Every structure is written in C-alpha cells, then in structure tokens.
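So that you can see what the record holds, here are the features copied from TrEMBL:
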DOMAIN    A:283-424  domain 'DUF7224'
TRANSMEM  A:12-30  transmembrane segment
TRANSMEM  A:50-73  transmembrane segment
TRANSMEM  A:94-117  transmembrane segment
TRANSMEM  A:129-154  transmembrane segment
TRANSMEM  A:166-186  transmembrane segment
TRANSMEM  A:206-225  transmembrane segment
TRANSMEM  A:237-257  transmembrane segment
Amino acid sequence: MRRVLLTEMRRGEAGKVALLAGAAGVWYLLSADVAVSDWIGWWNQASIKVQVFGVIVMGSLMSATAAWTAGRARRTRVDAWSDTAPRGGWSQALLLWAAAWLWSLLVYAVMAAVAFQRTAAVSEVTAPVWSPLVLGAAMTGLQIAAGVCAGTLLPSRITAPAMGVLWYLVFVVLAFLPGLSLARLFPALDEHWDATFQPHTARLLVAALWCAAAALAVLALPALLRRPVFSPGPLAAVPAVLALAAGGVLLTVRAPVGEPFWAVRAEQPAAPVCATEGRVRACLWPDDRHLLPQARDAARAVDRAVGALPGFRRDFRQTGLRPAGPDSAELPVYRPVLDSATMTEAMLGSALPPRPEGCAPHMLRETGGYPDAFLVEAVVNSRAKLVTPYYGDQFAAVLERVLATPAADQDRWLSAAADAIGRCRPVPAPPR
Amino acid sequence: MSVDSHTTAGGSAPTANVEGATVRYKTVVALDGVHADFHPGTTALLGPNGAGKTTLLSLLSTARQPDQGAVSLLGAPVRGRANVRRVRERIGVLPQSFGYYPRYTVREFVEYAAWLRRVPSTERAGRVREALGLVELERYADRRMGALSGGMLRRAGIAQAVVNRPALVLLDEPTVGLDPAQRIGFRTLIRALGERSAVVMSTHLAEDVAQVCDHIHVLLEGRMRFTGSAAELCAEADGHDGTTLDGSAVEAGYLAVVGRNGVPV
C-alpha cells in the first residue's frame, strides 16, 4: 500500500490544502506577540493552541478536501470499474483518508514544533505537553473520515464546502454550549490551562481512541450503504465497538462541579520558586520560574510601597499554590510573560485584605462616590510609581491631596484603611 | 442457433455461467431469465441499446447480483464475501466510459488498479510493466493520464483491466469513439487478450464481431436470443452462402435474429 499511498499523497489535493493550512497555522503561531500572548511560555497552552487550530481550521479544511477527493471516483467515473475490485469501498476510503491524514499530521507536527520552539524561548523548563496534541491529531482524523464518507455518498460539488462549513459551525455552536456532554465527542479544547492545571491524560486518550475508532468505522459506512455485493467484512465491527465503548465512557464520566473536563488540578510542587525582597515574598509555580526576575522587581516595589504597614499582606502565592497561612495573598498570573509593572500591579491588587464575604463596598462621597478601596489602591499604586486609573477630577484631587501629606500620615491612614476593609467597615477619612 | 433455454458454446468448462438471471430496475426488466455460458476466447454481446448488455456485464463483473437466478464465475458462485473477493481478483473490467484520475501518470494509475485488484506488492511493479507492454504504452508510462489521447486512454484502460492477469476480461463497447486505425489496432489487442483470458465484449459494431469474436450472444429486450459462433450468426441471414465472414454478413445475421424476434430496431 505504501507506493499507492505515496502516489495519492503526491497527486491528490490533500497535500496542497494541508500546506496552505500549515502556512496559515505557522503564520498564526509566529505572528503572536510574546508580550501579550496567552500561550508563549506555557507548555499546556502551546499544545492547546496547536490542537485548537489543527482541529477547527485545518481539520475543517482537510475534511472539505477529503470530501472533494472522495467524490472524485464518481465524478470521473472511476467507480464504474473500481467498484468491481476486490479491495472494496472500505479499503479505498482508507487510502484516501490515510493520504489526507498523513498530510495533516505532517503539517500538525510542524505547527507543534513552531509553538514549542516559541515556548522554549521563554520558559526555563522543557516540558512539552503531548496529550492534547494526540487528541487533536485523532480528531482531525475523524473530521477527514467524515469528509471521505460524505464525499463518497454525496459526490456533489457542494459537499466539500458544506463539510468544511459544517465542522466549523459544529465547533462554534458547541463553544456556546459548554455544558453539553455531546461536545466531548467533538473535542476542540479552546480552554485556558495555566500552571494550575495539567491535562487529564486518561480522558484525552480515551477521546483520542474514540476519534480514531469512529474515523475507521465512519470510513466503512459508504461501503456498507453503497456496495451491498461486497460489504466490509466483520473487521469493520471492531472500530465500531471500540468507538461505542470509548464514546460511551466520554459521555458518562462526570467531572467535579466547577472543574474542567479535560484538565485536572496540578499537584502542589514540593518547592515553589520564590523571590523575597525586604518583607515581601512572592512564590510561583516551578514551571513559571522564568517570571522570577519580574516577581523580584515587583516584590521590591511592593516592599517600598507597603512594606512596613500593618494590615497589608506581603506573602504572595501564584494562583493554585497552597497558601502559606491566613495572610497569604493569591497572585494571579494571566499570561506567561509579564513585565515588572504588571506583576507589581497584580501584587498590590492582592496586598489589601479581601472584604469579608457578603460585604458591600462603602462609597466615599469625597472622591465622587467611588468605593473607598479605590482610593486606598490608588494611593498604594502611586507610592509604587504605577499609573493609576483616572476616576475623574474629584477623585484625582483627593488622591493628590493624600499623596501631598507627610509619609507618616499616609502610613497611618493606609494601615487604618486596610484594617477597615478587612473588617467590612468604611475607611477613615483621608488625611488632609 | 436460436436459444430458448440454457445453451453452451463450447465443450470446455465455462469461465462464467449465468443461470436464469433476472434483473429489474424498478418496473423495467433489464434481464429476463437469461442463461449463458462464457468460455475462453472472445465472446461478443450483441444487441440494441437497452437490450441488457451492460446489465449482464455488471453481473459478470460482480458489481451487482441478479434479483433472481445465479451467476458463477471461475467455478465459484458470486455469493458470499470471500467468494466475491476471490472472483474479483481474477477479473478485469473496462467500462464503456472509462474513468481515470487525470493527475496520475499512466504507471501510477495502472499500479493503483493493481493494488485494487490485490496483486501482491512484490509482483506489482512487474505486472504493471507487463500490462503496459501488452498495450504498448511503456513509452508513455510517465505521462499524466490527462495528457493521453483517446486511443491511448483506451489502451491504459485495457492495461488496468489486465494488470492482475485476469481469467475473465469484460469490455463494454471498447472500440466506440476510436478512429479506424485505432480500431484496427484495438482489435488486434483484444484478439491477443482472448488468447490468454476469456474476453466478453459488449458491442454493436458488427465489424468488430466479425474480426475478433469466437462466440456471440445476442440479447434482445433482456432475453438471450442467439448463442453461437460468428459463422452461425451469419448463417441466420437468408441467402448467406456460409463462406463470407465480414461485418456486413454478421450484421445481416444479427438483423435476421432481431427480425425473427419481432424487436423494432
């Protein structure tokens, strides 16, 4: 089969379309700005990015191409003699599918290499994540198989574009129905997995098995429906049974409420990586050790701004890390690459104690009716030399006045304000 | 020789045998209880359009099964997956409108046909060379199918039909659309094929029949109305002296069979 497969890969349309999709994919991955990207630097996210592009864009295109190629036998009337061959419809469909899928895998591998290379340039650990990629490859196989099936059964010129649009719509519609169990059978993992999460490898591999088995079973359908004289043998039942079993598992398994289906919480690291400056300590997931310099700068800035003030929190733990104590604050890191100012802003945002649950914010008439915590944050941010949001002239005037007061007065007011916020009381009047 | 029931055209075991085959397309009866044997050599299926020639070929090619009756090929009934597969490995088919993939080269295309016919991979390259040699297309082996002339395409079609060294070759109107020179060359080719396989050729070109065929079946309105040799068909015509065996004599014999059965032509 090797030579015939290579011929089909060389002469069929799948290669051209796969290369086109690959070019678009590589451009998409290369053009991402590292400073604002939500994936360059995180291995999980890099894998998901390739997978989701592979499935939604390349998979849809390749499915359309497969439908076109599969309709070729009828359009060119080759089926008048190929339907009398001892290699029946299933074998012929497998050949077309394999040719298109191999092209997809080739392009997919290039895209994965580009995404991982970009991530490796940022991250200080090397931990490529494979399971979402395996699922994406299998899902592309299922999409191509559906294209071959549709193209064989309905060899109209409209079938190919219809298949492409259909797949795209499936993913769009399923994206709006996140709770739908059926969506697990058509996985395009457009999720955000920061260091807190790890892929649920077992579920991803079961889903990959479902996709691969369903692809092989779907490929047998045209032969079963169209060529009753020479239907696929009992072997066709094997992928069908496997697909039913794997699909059944996917539909019946339940994830804990509020948790993603395809990921699990990562285990706590034995030793998170931490930066300590003065009285401030910031700890990160080991995979995010590349952010340590920014964490150090931020810790220094926070120490300058609120270092000695009672009431403020100075121990920061990246989201998902176990708190060191009741005074630990969560440090949210939404992107794999942050500058020092953004990290400082995130730390200062967490430095104020949280309001007790059910505590409504108190409005400060003097600032124009904004919550009193806004003024406290603005003062702290200004002391750390961060840009503060503009809340109007009245607010700005009060801020300027507070910052003009002696440092000792500011410190006293900030400590009292932090204490008040933590106790759900209105902050004291700003110093004059 | 008029036929009302099962007849054989030779003493040897038939390569293919059709027993009381009836095929219906909705309300139209395409074949009506047809009995026929097909022996080594070249057999012509003669009949007007709609007589059931292509339907009979589709039974012989295993593309479909009769609604009633039975077909056996190479000694095995065309029933059951294993049988059908074995039979298909030993037949070659060239349909009336031969379909091909224009981007494939001739070699690739015949290789694809060899794969479809389950020619073992170790023998495939040699069989492709052999098939291309038989139809004299070796020089064009690396030319794209889409760049071939009509005559060369038909030869490529024969090559794909014989690449598995079939025991039974089915040709549906193989010379239609060829110019006279190509047609003469094609007849030589079909005669050569008939020396190694049983060839069943559907045609309505009497000259082809006279030049090429050892046996003739005449199908009229889904029924087998004549089975015999070309000489026997010629003898059906009034006034035939029994010595001339050319296209016009075959045509006269054929028309006599048609007229005797009251079929409008």
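For all residues, glycine too, the Cβ spot is worked out from N, Cα and C.
Annotations in TrEMBL come from automatic prediction, not curation.
DSSP places the residues of the domain 'DUF7224' (A:283-424) in helix, strand and coil in these numbers: 76 helix, 14 strand, 52 coil. Outside the transmembrane segment (A:129-154), and at least 6 residues removed from its termini, the chain residues within Cβ reach (under 8 Å) are 43-44, 46-48, 50-52, 54-55, 58-60, 62-71, 73-74, 89, 93, 96-97, 100-101, 104-105, 108, 112, 160, 162-163, 167, 186-189, 199, 201, 204-205, 207-212, 214-216, 218-219, 221-222, 225-226, 262.
Looking at which of A:12-30, A:50-73, A:94-117 has the most CB pairs under 8 Å to the transmembrane segment (A:166-186), the answer is the stretch A:50-73.
Under 8 Å from some Cβ of the transmembrane segment (A:12-30) lie the Cβ atoms of residues 49-50, 53-54, 57-58, 61-62, 64-66, 68-69, 96, 99-100, 103-104, 106-107, 110-111, 114-115, 118, all in the same chain and six or more residues away from its ends.
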